[in-house]
């Protein structure tokens, strides 16, 4: 199989993951969904690791502790998705900005921030487009919708910050262990801590048969998306693969949000302009 085939598998699996996640958080608390999602996917990735490497993942305490970043980032994303799948998938892509900024500071990749270089110009223009996009997408004349928009904005900003930070950490970790080991390590923190939070907050952790089925599908899709992306990245440079994957996933997920969840709030002049600006912005930033 070539990298395009693996990318296709990744996009199908990732789109299923995003769409079914929206279905889940429409019915259960996002933190509960995160707990089960982390538990299930850690099992699948542990099994995949055993099959590929013929041994269990080794435990690294620093990787385990980084699970707190993933916990906050993904739980915040699920909460944002409960308000809008289409807008959330678009703006979570901007977490790459945080990763780029951290890489510029700590990895000596200063050219990414240099406005005199192509990478810096792309980043600056992409950020400006993101701000204009947000302005168009947040525009409303309804007070009720405005309150929901502000809540969504809070959770998506948390998502961008902590997902970007998590991606930066993973840049280091994949140098010392496979991605299957990284997530299995992080799950050793995420699963018990999210369970403890659920108990402290007195959240209901029981699942209906349908929700259990949806969470199982989501976790399997995530495992497939992980493996297929990294198989593709072995065949083509990530700088070429990542922009294509991000933009394609945003578009396919926004289409699914429109079809399956009737997210038609984006179907007006201002929202369409905002969506287009946001997509162009992420193309520029991901390709920086």
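Note that Cβ sites are derived from N, Cα and C of the backbone, with glycine treated the same way.
Of the listed segments 8-30, 31-53, TrEMBL assigns transmembrane segment to 31-53.
152-173 is the stretch from 152-173, 212-230, 242-260, 272-287 with the greatest number of Cβ pairs below 8 Å to the transmembrane segment (59-77). The stretches the transmembrane segment (212-230) and the transmembrane segment (31-53) meet in space: the count of Cβ pairs below 8 angstroms, excluding pairs fewer than 6 apart in sequence, reaches at least three. Below 8 angstroms of C-beta separation, residues 7, 10-11, 14-15, 18-19, 22-23, 84-86, 89-90, 93, 96, 229, 266-267, 275, 279, 282-283, 286-287 of the same chain, each at least six residues beyond the ends of the transmembrane segment (242-260), sit close to that stretch. Against the transmembrane segment (31-53), the recorded stretches 120-140, 152-173, 179-200, 272-287 differ in Cβ pairs under 8 Å, and the greatest number is found for 179-200.
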